[in-house]
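Participant: Below is the structure I would like to discuss, written out as structure tokens.
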Amino acid sequence: MDKYELVKDIGAGNFGVARLMKVKNSKELVAMKYIERGPKIDENVAREIINHRSLRHPNIIRFKEVVLTPTHLAIAMEYAAGGELFERICSAGRFSEDEARYFFQQLISGVSYCHAMQICHRDLKLENTLLDGSPAPRLKICDFGYSKSSLLHSRPKSTVGTPAYIAPEVLSRREYDGKMADVWSCGVTLYVMLVGAYPFEDQEDPKNFRKTIQKIMAVQYKIPDYVHISQDCKNLLSRIFVANSLKRITIAEIKKHSWFLKNLPRELTETAQAAYFKKENPTFSLQTVEEIMKIVADAKTPPPVSRSIGGFGWGGNGDADGKEEDAEDVEEEEEEVEEEEDDEDEYDKTVKEVHASGEVRIS
């Protein structure tokens, strides 16, 4: 692990904490996602890594490698210096139609590529879309922890995803087409960019998941009067927000929609995108699937110490006091992660209650 040096912490997610690291030789910056060794290393983690490794597209965060430390499994990936698209909307309030289209075109291009590779994301949301640091930012899809490859795994059945973005069919306990659920989530992302609010959340009571679920099932949304968007854009949203996934617009159809095609950058045209779909398109990873699976299997063994140690088990990060502070920071971040997981559990509980009550009906 002498290859990397720490630059700074960059936050926490569903499975662990993340740090910005620098490759000592090349000075290249990478984002390093840390997942504590032991029971947290499950099939979702393995799936995320294998799925991510297979993807090579400019609108998808590049996977680099996995590394085992004494306490954590570390996943190295491309660093997106522009941060989350979510943060950009929070500071802007909402986007103009042209700006929303600019990012939506990139999102659809990335999702289209994932689907062609037989991978559906299942947790598309603004927080999982990052931006690079260029003046005209390039959108990057990240976080494949909930993705499901139809080549390697069974059809999606579990209820995952973020309440505000979740498609009606995901709330039913029947099997669903993960690709069509991704289309719905892309529609929610577009709506949020245009309006600055979630389409199916009650603004007065956003934590009321039951109300959100009911509005999703009834496809109850509206464009506020103060938001002026074209009829073309309204038409696209109305074709995405369709409860019956068989009648919903597909990714291929979105790519032919007049609103999508307006001002489409040359690099996003079908001709330019064709290069990424070639079988010989190599992976960015230097590790084979077998090497990765062995490292992930080894990571299932819990760390020898009960508490996290400084540097995530890499050592060499300053004096002993520094290490203790580092460990406390890590523990605080992991506590935050656990709190987020509790929120997920609360959501799952609500979904189960709705299932049990028989309120969910898919036409």
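Quick reminder: no glycine exception, Cβ is built from N, Cα and C everywhere.
In case it's useful when we look at the structure, here is the feature table from Swiss-Prot:
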type	residues	note
DOMAIN	4-260	domain 'Protein kinase'
BINDING	I10, G11, A12, G13, N14, F15, G16, V17, A18, K33	ATP binding site
ACT_SITE	D123	active site, proton acceptor
REGION	306-363	region 'Disordered'
COMPBIAS	310-319	compositional bias 'Gly residues'
COMPBIAS	322-347	compositional bias 'Acidic residues'
COMPBIAS	348-363	compositional bias 'Basic and acidic residues'
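Distances, neighbours, how buried they are, the whole picture for these features please.
Facilitator: When Cβ atoms from all protein chains are considered, those within 10 Å of I10 (ATP binding site) total 16, not counting its own.
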Participant: Mean pLDDT for the domain 'Protein kinase' (4-260), rounded to an integer?
Facilitator: 85
